[in-house]
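Enquirer: First, the structure itself, so that you have it in front of you.
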């Protein structure tokens, strides 16, 4: 599985995720604006953090 792993609005970069079945994108807002984090897996998130998990290559941009 290949997942995007760039932060927020950085240029897209990807990572090969051995043994993973999900990519994730999570986002939240703070004083800097909207922060977006991407990577492999499907993490648990705190209340107030939005999470989207998906199962295809580069699906989490």
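Every residue, even glycine, has its Cβ placed from backbone N, Cα and C.
Pulled from Swiss-Prot, these are the listed features:
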DISULFID  3-23  disulfide bond
DISULFID  17-40  disulfide bond
DISULFID  42-53  disulfide bond
DISULFID  54-59  disulfide bond
Enquirer: Work through the disulfide-bonded residues one by one (42, 54, 59) and name whichever has its CA nearest to the CA of residue 3 (disulfide bond).
Expert: 59
Enquirer: Between residue 42 (disulfide bond) and residue 59 (disulfide bond), how many Å separate their Cα atoms?
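Expert: Computed Cα spacing between residue 42 (disulfide bond) and residue 59 (disulfide bond) is 13 Å.
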Enquirer: Using Cα coordinates, what distance in whole Å links residue 17 (disulfide bond) and residue 59 (disulfide bond)?
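Expert: Residue 17 (disulfide bond) and residue 59 (disulfide bond) have their Cα atoms 13 Å apart.
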Enquirer: List, in sequence order, those disulfide-bonded residues among 23, 40, 53 whose Cα sits within 10 Å of the Cα of residue 59 (disulfide bond).
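Expert: Checking Cα-Cα distances against residue 59 (disulfide bond), the disulfide-bonded residues within 10 Å turn out to be 23, 53.
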Enquirer: In sequence order, which residues at least six apart in the same chain have a CB under 8 Å from the CB of residue 54 (disulfide bond)?
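Expert: Once residues fewer than 6 apart are set aside, residue 54 (disulfide bond) is near 22, 23, 24, 25, 60.
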